[in-house]
Every structure is written in structure tokens, then in C-alpha cells.
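Taken from TrEMBL, the feature domain 'Glycoside hydrolase 35 catalytic' covers 55-372. Residues annotated as active site, proton donor in TrEMBL: Glu202. The feature active site, nucleophile is assigned by TrEMBL to Glu282. Annotated domain 'Beta-galactosidase 1-like first all-beta' per TrEMBL: 419-531, in sequence order. Residues or ranges marked as region 'Disordered' in TrEMBL: 539-560. What TrEMBL lists as domain 'Beta-galactosidase galactose-binding' is 560-617.
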Amino acid sequence: MCFRRAVDMAAAAGAAGGGGVVFLLTAGIFACSAVCGNLVSEERSFSIDYKSNCFLKDGKPFQYISGSIHYSRIPHYYWKDRLMKMYMTGLNAVQVYVPWNYHETVQGVYNFTGDRDLERFLDLANQTGLLVILRPGPYICAEWEMGGLPAWLLQKPNIVLRSADTDYMQAVSNWLAVLLPKMKPWLYINGGNIITVQVENEYGSYFACDYNYMRHLRTLFSFFLGEETVLFTTDGNTDKEMTCGSLEGLYATVDFGTDTNITEAFKRQRRYEPRGPLVNSEFYTGWLDHWGDQHAVVDAQKVGRVLEEMLVMGANVNMYMFEGGTNFGYWNGADHDTRFRSVVTSYDYDAPLTEAGDPTEKLLAIRDVITQFREVPSGPIPPATPKFAYGFVTLQKVGNLSSVLSVISPLGPVKSQHPLTFEELKQYYGYVLYRTTLPRDLSEPTPLISPLNGVHDRAYVSVNGVYQGLLERDTTLVMNVTGQRGDTLDILVENMGRVNFGSKINDYKGLLSSLILGRDILADWQIYPLDIDGAISAGWPHSRGPKSPPTRLRESSAGPGFYTGTLQPNGLSWDTFLKLTDWKKGQVWINGVNLGRYWPARGPQKTLYVPGPLLNSNLPNTITVLELESAPAQLRVLFMERPLLNITAGKS
């Protein structure tokens with residue numbers, strides 16, 4: 001969905017080649033005619049009527065009004081609730097990304113269960129009465145970790161992603177050979193609810209501009225889904241992006257937001273697709289947030305007005321997002337323009353449904369517009385899920401990270417003369433501890449330098465367990481260290497999410513190059529891959545009992561450390577929002593589930609969304625916090641009934 005952040009791409013000479021039906025004729029802008037298509041078929045069908053410039057569903061003119069929803073960002077127990085709210089708003093379709101790395105996190109190991117049960121999601125949409133626009137990538141952008149591409153691809157150091165590179169295409173072919181046969185029965189023409197399928201995603205914004213790659217994808221999609229499937233591309237509203245992103249045999253669509261001249265945007269689509277339906281595949285209802293941004297806000301009335309203008313023209317519109325959801329765990333992406341900028345945990349997006357799935361004024365404005373164009377289901381929109389302020393919970397310290405290494409790194413260290421990346425360690429997400437010793441006495445503050453900007457993305461530095469400070473990608477490349485020769489130097493490196501857009505998606509993590517301390521190049525590393533999630537999901541640290549009695553007040557504790565507490569049951573398991581007042585930066589788990597990153601010191605997000613069904617109503621709820629910089633004197637957290645996303649400071 002990222003064309004507004006597009007980087008310059010390699011321009012291609014000439015039109016897209018390849019076999020297939022030639023779509024590029026000459027025409028102006030046409031609205032979908034009410035008399036479009038005279039054929040009425042008794043069989044299920046979905047196709048493009050190039051003569052009358054519209055889609056045909058079962059032989060009759062069809063206009064979709066759709067909204068984007070990401071099953072990977074919403075717990076599966078809330079899928080039905082969100083889909084029903086979208087249906088009752090008047091949508092007749094939903095648009096769905098499939099994140100490859102969510103299903104094949106480890107190469108060759110596929111997961112389609114629980115929150116990853118894509119077919120269950122499709123079935124629920126079908127039961128609800130919603131058609132599906134499927135976007136299976138293999139690249140999806142979506143502000144998702146590495147744009148949905150699995151990090152294990154980077155084990156090939158010279159791989160050219162999103163191209164006809166042999167290693168990349170072999171991995172893509174293997175993945176699509178698993179995914180697409182699962183999707184074929186869900187095609188509308190086969191009795192399911194998938195009406196169209198996108199090939200790649202905004203490819204025109206990528207530097208490679210590799211038509212052989214796109215031709216290969218077109219061949220794979222047609223082979224696994226059938227020649228009758230409507231395949232399409234989506235690209236940003238520029239000639240450069242449409243040129244490299246479109247290909248003969250794939251219907252070219254455009255995306256744009258509320259600040260775009262609609263007529264000019266659809267004229268651009270017409271230059272690449274002279275006949276057929278007008279389609280805005282991503283009409284932006286809001287926008288994303290990076291850490292340190294103001295919370296993005298787009299005016300509800302403006303969204304409604306522009307939506308109405310497009311529908312009057314007969315355009316098919318998908319609203320991105322209709323509900324954003326949450327970047328649980330480590331799944332947030334990042335941008336890299338002038339510097340690395342990580343996306344926040346909340347993907348609220350100022351969407352018509354909030355991060356917690358609650359209807360907004362924007363949703364009501366959209367519903368009012370839709371009622372002018374199609375019959376909206378009667379009855380009220382399902383209400384917001386109940387929220388509860390559970391109040392304060394006092395935590396206690398489990399220990400510094402270095403003191404629990406035997407638990408969170410059970411296999412012990414990997415020894416290496418030089419630093420190894422996360423990818424070389426096959427530790428794709430989370431944290432890795434790099435340990436060595438000081439090569440000489442450092443009685444005076446001595447600079448620790450990352451000369452090649454090789455810390456990806458944040459490094460927390462301690463000497464003999466005493467926190468000294470941090471290094472940060474692109475912004476803090478030098479810090480001072482003191483100590484004695486032989487002292488233990490620990491550098492905990494955090495992967496803040498891989499770049500998901502542009503030319504820098506080959507985003508390796510960890511220490512990518514040697515560090516220099518004074519005049520010494522540091523070597524002889526012991527490198528600990530940390531399986532924090534595995535330890536916590538197995539019951540640690542609560543299963544081992546408290547290390548010290550809880551207390552409401554205690555001195556601040558600097559550096560990476562674990563803290564734990566218990567939310568006592570009160571008979572409710574309602575949604576809530578966790579606020580970590582005066583905590584700096586870290587990660588939170590509740591009942592073994594990774595809620596994501598907190599960073600209130602940088603903002604704008606101040607609270608983490610806690611889905612109600614995650615909580616036990618009659619058993620103690622375990623809370624584990626990994627604080628990376630400095631815990632507050634008062635070790636407590638607050639459960640609130642509303643989010644704090646800095647919405648009043650946002651831009652319109």
C-alpha cells in the first residue's frame with residue numbers, strides 16, 4: 001500500500017511483452033454502464049467486460065465496494081466480529097493479504113492453523129456474505145516484516161529479491177505450489193468467494209523492474225488457479241510505477257488517497273488499461289505510524305466525499321484499511337528513506353474500525369455513502385467489544401538478561417572470531433546477545449564505534465552486567481565505555497523489524513560488521529541466539545517462582561532485564577489496553593503471548609492492545625516485561641479501558 005513513499009525505480013523501455021490477450025487499446029474514462037453485459041449465465045462466473053468497462057458476476061454487471069482486513073493482525077476469535085461489522089457497513093467484498101513469512105517462518109515448514117488458518121478466514125467471510133479480493137504476494141509490503149518475504153531468503157547473501165534471481169524464484173515457486181492449490185477451491189468460479197487475485201504488489205515502485213519475474217509469476221498463478229481467474233496488478237499513481245508494475249495478461253489497477261485528483265488518477269489507469277472497469281485497489285482511509293511520528297489522522301468527511309465521487313464514476317473501490325489491527329510479536333515492518341524508521345505496534349491506521357474493532361464516525365460516514373449505491377443490510381452495526389480497566393499491577397524483577405541466559409538461550413553460544421548476523425544464526429526475529437571481553441584497561445571513557453553503521457537495529461551495551469548505553473542504526477554510531485581488561489562486554493541487539501518497502505528490503509539484522517573499541521577491533525565473540533518466546537510460552541518465569549518479594553517502590557534498574565507480575569482474575573475477559581508509565585522501551589507478554597513492542601519514550605503509541613479472550617476470567621494472568629533501557633522506580637503497569645495513540649496530536 002506504499003506508493004506515496006515510492007523510491008525511484010529503473011524505468012523500462014517499451015511496453016510489457018509476453019503472450020496473452022492484449023488489453024491496451026485506446027479509450028477515455030467510462031463509468032460502468034447500467035446496461036453492461038447482456039449475457040446471463042446459470043454457472044458461477046466472474047470476468048471483465050472490456051466492451052462495457054465493468055466486471056461481470058454471473059454474467060451481470062458488478063461493482064465492488066471493499067475494505068482491507070489482515071487476518072494476521074487480528075486474533076482468530078475476532079475474525080467473525082470484524083467481518084460482520086464490515087458486511088453491515090454495506091461492503092460486498094474484503095481485500096486480504098497473505099504474508100508468506102507468517103506461514104513459512106522456517107523454510108519448508110508450513111503453518112495454516114489458529115491465527116494462520118487462512119481457509120477458516122475465507123470460510124467466515126463466505127458465511128458472512130463477503131466476496132474476497134486475494135493478494136497472495138509473494139511480496140505484500142503492508143508495513144509487515146520484510147514485506148511478507150521470509151527472512152530465511154537472506155541466507156543467500158547475493159540474492160536479488162523480487163526478481164528472476166534463480167534462488168528467489170525457486171523459493172517463490174515452492175511457496176506458491178503450496179498456497180495456490182489451497183486457494184483454488186475458494187475461487188468464486190469454483191464455488192468459493194475469491195473473485196480476483198493480485199499478482200505481486202506495487203511492483204512498479206521497486207528498482208528491479210524485471211518483466212521476466214512478472215511473467216514467471218503470471219505463469220505460476222495461471223497454472224495453479226486456471227486461465228479463467230481474473231489476475232490483476234496494483235500500482236501507485238505515477239507513470240513510472242504503472243510502467244514497471246503492469247504486464248500484459250494482468251489487469252492494471254491504481255491506488256491513491258483523499259488528496260489525489262480522481263479524474264487524473266483514473267486517466268492514468270486508462271493509459272495502461274484503455275478498456276475495463278475503473279479500480280482503486282487501495283483508497284487510503286488513514287495512514288501508518290512510525291515510532292517518533294505523530295499519529296496519522298485522515299478526516300472522515302473527506303474519506304466519505306472522495307468515496308462517493310469514485311462510486312458515482314462507477315469505479316470499484318477497496319478501502320485500505322477498513323480495520324488495521326495490531327503488529328503483535330515482531331511482525332511490524334519498517335521504512336528506510338533517509339534513515340531507518342520502524343513501524344509502531346498498533347496498526348490502527350485511523351481506519352473505520354479501530355485497532356480493537358470498534359466502529360467509528362468514519363465508518364458511519366462511509367455507510368451513509370454506500371446506501372446511495374447499494375442496499376445495505378438492515379439492522380444495527382454490531383457494537384464495540386466490551387472494555388475494562390483492570391487497574392494497576394505491581395511487577396517484580398526476575399533478573400538482568402545476562403543472569404537468565406541458561407533459560408532463554410538453552411543451546412548456549414555460538415563461537416566466532418567475527419560477529420554473525422541473525423540470518424547466519426537462523427535467529428530471524430527478536431534478540432541476540434553478542435559477548436566478548438575488553439581487550440585492555442579503559443580507565444577513561446573510550447569510544448565504542450560502529451564504523452560501517454553495522455548495528456541493525458539497536459544495541460544495548462553492558463560491562464560486567466552494568467549498563468553503559470546504546471548504539472542505534474543511522475543515529476547513534478558511537479558511545480563511551482569504561483572497564484578493566486578481561487571484563488565481560490555484552491551487546492544485546494534488537495531486530496526492530498525489517499524494511500518492507502523500497503530498494504533496501506535485503507535488511508540483514510544483528511552486528512553486520514566489526515565494532516571498534518578505542519584502537520582495537522573487537523573479536524572472539526560468544527553469540528547467544530535468544531529464544532525468549534519459547535521460554536515464556538513454556539511457563540517461565542512464573543513457573544520458577546518469584547526471585548524476590550514484590551514491592552511497590554524500588555530503585556530504578558538500568559539495562560536489559562525481565563520483570564513479572566500477575567493480573568488477578570475478576571470474572572471478566574474483556575479487551576483492555578496496557579500502559580507502561582515511565583518504562584522506556586521493551587517487549588510484553590501476557591499469558592505467554594507476545595503483545596509486541598512498547599516505546600512510550602518515543603511515542604506516539606502509549607498503550608498496547610490486549611484482546612479480551614487472551615485473558616483468563618477465573619485464573620491468574622501472567623505478565624512478563626523485557627525492559628531494555630531502564631525500569632522505573634515504581635515497578636507497575638496499568639490496564640486501561642481506552643487506547644492512547646496520540647490521536648489529538650495527529651495531522652488531518
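Quick reminder: no glycine exception, Cβ is built from N, Cα and C everywhere.
When pLDDT values are averaged over the domain 'Beta-galactosidase galactose-binding' (560-617), the model yields 97. Mapped onto DSSP classes, the domain 'Beta-galactosidase galactose-binding' (560-617) shows 3 helix, 27 strand, 28 coil.
Of all Cβ atoms in the shown protein chains, 26 besides its own fall within 10 Å of the Cβ of the residue listed as 'active site, proton donor'. The CA atom of the residue listed as 'active site, nucleophile' is located 11 Å away from the CA atom of Glu202 (active site, proton donor). When the domain 'Beta-galactosidase 1-like first all-beta' (419-531) is classified with DSSP, helix, strand and coil residues number 4 helix, 57 strand, 52 coil. Around Glu282 (active site, nucleophile), a 10 Å sphere centred on its CB holds 27 further CB atoms from the protein chains shown.
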